[in-house]
């Protein structure tokens, strides 16, 4: 059907390589084993056939592999859209990831680097269905984490990174010293 249940194996498996992308490209949903590439191919085909926007919703609990699944879908689009080697769109879209993770990720009881915000990734295609760009929007899900953390959890990484770097010479230039309270 149209719902794919994926389980994060917490290790690299040889089921996401280039040859697997090409195996799913052009196939009908259900002709092959369930896979994120089958879902991506179906959306890609419907976009081309109906000339209408498509959406893939990736949801799940903390640590389920949502971000990784989204990366695999983008890799599929970049490959079948003819832009994997030209622009490396996957890398460009996710280039801001370390900064976004520092601001929006935190340690939870299930995951040391859990994304606490949602992502909306919009990929643009030209008339030949080649990727021409992408835009990632984020929205913070847990504002309460700023002032309260459950036992064995942490605030957003950025707060700890700021505290750790407060003694560096370049920190003064940021003008954040008056906002940072260091408890000694």
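The backbone N, Cα and C atoms fix where each Cβ goes, and this holds for glycine too.
In TrEMBL, annotation is done automatically, which means it is predicted and not curated.
According to TrEMBL, the protein carries these features:
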type    : residues                       : note
BINDING : 60, 61, 62, 63, 64, 65, 66, 67 : ATP binding site
DOMAIN  : 1-184                          : domain 'Myosin motor'
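Structure with TrEMBL features highlighted.
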{"residue": "60", "record": "ATP binding site", "Cβ neighbours (10 Å)": "13"}
{"residue": "61", "record": "ATP binding site", "Cβ neighbours (10 Å)": "11"}
{"residue": "62", "record": "ATP binding site", "Cβ neighbours (10 Å)": "12"}
{"residue": "63", "record": "ATP binding site", "Cβ neighbours (10 Å)": "15"}
{"residue": "64", "record": "ATP binding site", "Cβ neighbours (10 Å)": "16"}
{"residue": "65", "record": "ATP binding site", "Cβ neighbours (10 Å)": "18"}
{"residue": "66", "record": "ATP binding site", "Cβ neighbours (10 Å)": "19"}
{"residue": "67", "record": "ATP binding site", "Cβ neighbours (10 Å)": "15"}
With an 8 Å cut-off on Cβ distance to the 60, 61, 62, 63, 64, 65, 66, 67 Cβ center, who else from the chain surrounds the ATP site?
8, 111
Please work out the mean pLDDT for the residues of the domain 'Myosin motor' (1-184).
83
